[in-house]
Amino acid sequence: MAAAEEDYGVGAEADRELEELLESALDDFDKAKPSPAPPSTTTAPDASGPQKRSPGDTAKDSLFASQEKFFQELFDSELASQATAEFEKAMKELAEEEPHLVEQFQKLSEAAGRVGSDMTSQQEFTSCLKETLSGLAKNATDLQNSGMSEEELTKAMEGLGMDEGDGEGNILPIMQSIMQNLLSKDVLYPSLKEITEKYPEWLQSHRESLPPEQFEKYQEQHSVMCKICEQFEAETPTDSETTQKARFEMVLDLMQQLQDLGHPPKELAGEMPPGLNFDLDALNLSGPPGASGEQCLIM
């Protein structure tokens, strides 16, 4: 019996020593294990060689980076971001279907960098660009139905700084889509509605102090604004594509009439919340081009 207990004690001691030996070996292994290599700062080329970005990808990234300033000149803060997002969405869809057209838009963007660094030169180019966008939107349908030849469309592209346009006509509905987003109810209606609600009281209080001609112009301006609001208020989720198109053309025509009537009273436009910069001359939606505008319009 005593011999058995002695043998058990020796076995237990041997097991404990073996366990300690194993734990020590594991600790030594962990200490000797090399630390992981730092992540490489370069991407290893695959079997086909280094990856190259397509010209369309490069042009698209550059275009998205440069177009935001354009929308900042049309809108303030939140609405500028909204317009930028709409533009990027349209351009991403275009890039998937027609990457070469994105490159053409990039050439237009590069043309902006050639106009000079002074403020006057930049403003002239911005005005030119806005007039061109308006012309594309207003005349998109007419151009598509006119059977314009490839040579004529190429010349039109060149007028936009797209020297190597390949004659694809898909740019026209794309630009019309962008303009539809910029002249949408979400963008225009809140500010216009606020002005139209304040306009009657303002007209009544300034009737005696304004020249008759100016008073009549403000009355007409108020009437046109009300018509634009009525167009937006008539929108329904079930509107057909034909109805939406007709409404857009009507809103664009009314906005052009507003431009012809000049600025609204500062007391009204100045009270608008952050959003639309109601500067119709700056928007330059259409109307008779000036000396510089004659070189910008391609229609």
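Each residue, glycine too, has its Cβ placed from N, Cα and C.
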| said: Of the ranges 2-56, 167-221, which one does Swiss-Prot flag as region 'Docking to the peroxisome membrane and binding to PEX3'? | reply: 2-56
| field | Mean of the pLDDT scores, which run from 0 to 100, over the region 'Necessary for PEX19 function on peroxisome biogenesis' (2-91) | value | 55
